[in-house]
Structures are given as C-alpha cells and as structure tokens.
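*Asks:* Pasting the feature list from Swiss-Prot:
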type	residues	note
SIGNAL	1-27	signal peptide
TOPO_DOM	28-165	topological domain 'Extracellular'
CARBOHYD	Asn29	N-linked glycosylation site
CARBOHYD	Asn55	N-linked glycosylation site
CARBOHYD	Asn84	N-linked glycosylation site
CARBOHYD	Asn127	N-linked glycosylation site
TRANSMEM	166-186	transmembrane segment
TOPO_DOM	187-192	topological domain 'Cytoplasmic'
Amino acid sequence: MMTCPSVPAIPTLWLFSILLLVVSLNAQNKSWDNPICTEGILSVPRGNPAVMTCNISNTFTDVTIQLSANGKDKTIFDKKPQGNFSWRGWELQVQGGQAQLVIKDTQDDHTGIYLWQLHGRQRCYKNITLNILEPSNEDKVPDTTLFTSFPDHAKSSPIEGKPGTLVGVITVIFILGVAGFITFIYYRHRRS
C-alpha cells in the first residue's frame, strides 16, 4: 500500500501568514481621499465673487457640480477632469487633489445648494449652500485674481491624511502574532 507524504502544517500556516501580510500591507498603501470642502453656508453680497473649494488627499479623477434651486436641479459641470472650465459665469479649476469653483459676479440665479460629486480613489458627495445678500457700498471688492496658488503636496507629511495606517499596522502585527501562536501550539501538539 502506497501512502502520500503529508504536507507539513507549519510551512502551510507560514505561507498563509505571509500571504495575509502582503494583502494587508497592499491595502494600507491605498490612502483615503479625506475631502475637505467649504463648509455649510456661504453668504456673498450680490455682484461680489464667490469661491467654493474642495480638496482631497489624492488626485481627482473627475468632478461633477450640480446646483439645486427652486425645486430644480441643474448640472453645471459634469465629470470634468484636470483643467480649467467655464460655463455661464461659473469657472471650475481642477488641479491635482484641489478643485475650486469661482463665480466672479454673483447674481440671484447662482443661489442654491451646490452638490459636489468628488471622484478620487473613492466617490464622495458634499453640499455647499450659496446665499446672495444685498450689497452695501463697502462690500464691493476691486477686481483681483480669484484663483489662489495651491500648496505643494510634496512638502506635506507622508503620514498626513492617513489616520488608518497605524491601526492597519497594529492589526497586521496582531494577526501575525495570533497565527504564529496557533502554529506554535499546533507544532507542539503534533510533536507530543
């Protein structure tokens, strides 16, 4: 009668542990977008510029902006990639992980809720409400450049924007420790 040699359990468990480690570390290399946008309600005097921004920690794939006002939804920019775009008084600049919507001369038809659909590594939705106020004489701003320079992401900390990294590393170490402990117990049990 012929018997097949059995596959030792220890190398199998170690291979499984290494595979688990590789998969876990690969998952940790993908950072979340962590969107930061103009918050809540933006109130601007009629005729003045309005600037709304959304920034993510990764590069934008595309940006869609819709305006909801008076019970109607209107798409202003649909799935715009990197670049500068203009349409009926709205200007959109998408550069890296930063998007900026500028209205140079705000009017009543600009009032409403702006739904930002951000697409980087994930999809995220943000609402910004724009209210138009009656201007006073001192509210009028002289015409200046509205686009601000964007900060360089290369100078920011590599840990910034990745709060889950430490939790992921601790989880991987814990799983490997448990796998090692189970392997040790199994090995001792088989030898006794």
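Heads up, the Cβ atoms here are built off N, Cα and C, so glycines get one too.
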*Asks:* Please work out which residue of Asn55, Asn84, Asn127 has the most C-beta neighbours within 10 angstroms of its C-beta, and give that one of the glycosylation sites.
*Replies:* Asn55
*Asks:* Per DSSP, what is the helix/strand/coil residue tally across the topological domain 'Cytoplasmic' (187-192)?
*Replies:* 5 helix, 0 strand, 1 coil
*Asks:* Whole-number answer please: how many Å between the C-alpha atoms of Asn84 (N-linked glycosylation site) and Asn127 (N-linked glycosylation site)?
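*Replies:* With distance taken Cα to Cα, Asn127 (N-linked glycosylation site) is 21 Å from Asn84 (N-linked glycosylation site).
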*Asks:* Rounded to an integer, what is the Cα-Cα distance in Å between Asn127 (N-linked glycosylation site) and Asn55 (N-linked glycosylation site)?
*Replies:* 14
